[in-house]
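Chemist: The site 'Transition state stabilizer' annotation in TrEMBL covers Arg122. What TrEMBL lists as Zn(2+) binding site is His149, Asp156, His216. The active site, proton donor/acceptor annotation in TrEMBL covers Glu213.
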Amino acid sequence: MGRLFFLFSLILIYSCKESPTKKNIEPSAPLEVKDTVKTEKSVAKKFKTFESLADSTFVRLADFSDDFAYDMRYATENNFLKAKVYDCAECYTRVKTAKALIEANREFKEHGVKIKFYDCYRPNSVQYKMWEIVPNPQYVANPVKGSIHNKGGAVDITLVTLEGEELDMGTDFDFFGKRAYHDNLDLPQDILDNRLLLKETMERHGFWSIRTEWWHYNLSAASNDKVADFKWECN
């Protein structure tokens, strides 16, 4: 009996030493991987904030949100001028315009769409370049007076799906003709609905449109700002 009791005690001692080892190893590896993934994602999503910035400050919109799409036409030759007038494609606005655009875009995303930019703030020196190419106030604002684009309060935009497909607005950007007019109702219903969604949403966020261009929106609060010639650096 003494030898059996001794053997039984050894088995119990060995079992007690093995079981804690298994408990400590198994859960540790997957927890570390999940924490690492979360950390990487949080770093990738960091944006600048508007805190302490004056409303008149010029900012690059992409530094504050990645929820927009861009096709900056005047940084290419794909525009009515047939000329590249920007050195690089960037969308800058004043802070108050950027805030309003981000809020409008939040509402658009509830409908499964988002803003795509064709043009944003335009330095007045670029306005002079455009005037040299097309010196016609019907198509280009006279740079002596300037426009709200030159004040950082105007944008040329359309809507795209969250996957990037453009909604049909009836014409391309910078189409000069009655088909681009807001009051032209002789268009398919889906086009009218798309334009109405764009117009009503932008108006709710402080913008106003012009009759002849479905893509152009001015921030009301920017009307009295000064024409500027701030130029951004190109990388």
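Glycine is no exception: its Cβ is also placed from the backbone N, Cα and C atoms.
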Chemist: Counting only residues 6+ away in sequence within the same chain, which have a CB under 8 Å from the CB of His216 (Zn(2+) binding site)?
Modeler: Ala154, Val155, Asp156, Ser209, Ile210
Chemist: Roughly how many Å lie between the Cα atoms of the residue listed as 'active site, proton donor/acceptor' and Arg122 (site 'Transition state stabilizer'), rounded to a whole value?
Modeler: 17
Chemist: Do me a favour and check the Cα-Cα span between His149 (Zn(2+) binding site) and Arg122 (site 'Transition state stabilizer'); whole Å is fine.
Modeler: 5
Chemist: Tell me whether His149 (Zn(2+) binding site) sits in a helix, a strand or coil according to DSSP.
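Modeler: Once the DSSP labels are grouped into three classes, His149 (Zn(2+) binding site) ends up as helix.
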Chemist: Fewest other C-beta atoms within 10 angstroms of its own C-beta: which of the recorded positions Asp156, Glu213 fits that?
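Modeler: Checked Asp156, Glu213; of these recorded positions, fewest Cβ neighbours within 10 Å: Glu213.
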Chemist: Counting across all protein chains shown, how many other Cβ atoms sit within 10 Å of the Cβ of His149 (Zn(2+) binding site)?
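Modeler: That number is 24.
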